[in-house]
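The following features are taken from TrEMBL:
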type: DOMAIN; residues: 92-132; note: domain 'DNA helicase Pif1-like 2B'
């Protein structure tokens, strides 16, 4: 309760690792990525953990907006399996879903940003799960 009421200091020790409390998404992003124009090896080691895919997408989109450059939007390709064209599922509804391990239907990309693959695409070219 003291933390929520603002009585405690914004830095709390946790196993000798200070935790900085932030109050807005902008404050969170600025504390982890203070200079979106300069990506360093230290920046690449920083992460923000989120509780849901929707929250992760919101944070990722907010960070992407802060990085200079043109955002290129790529969409997933959705087509029914042959013989199931009359599926009971509406494609517009399916495109709103964001199941674990899958990117959103519309993915914003910017030149110079770091992206991590979530699936093995081509092992021989190094395009495998976890590759950046």
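The backbone N, Cα and C atoms fix where each Cβ goes, and this holds for glycine too.
Sequence-distant contacts of the domain 'DNA helicase Pif1-like 2B' (92-132) (same chain, six or more residues past either end, CB-CB distance under 8 Å): 39, 44, 53-54, 57, 60-61, 64, 67, 69-76, 78.
In the domain 'DNA helicase Pif1-like 2B' (92-132), helix, strand and coil residues by DSSP number 6 helix, 6 strand, 29 coil. Mean pLDDT of the predicted structure over the domain 'DNA helicase Pif1-like 2B' (92-132): 82.
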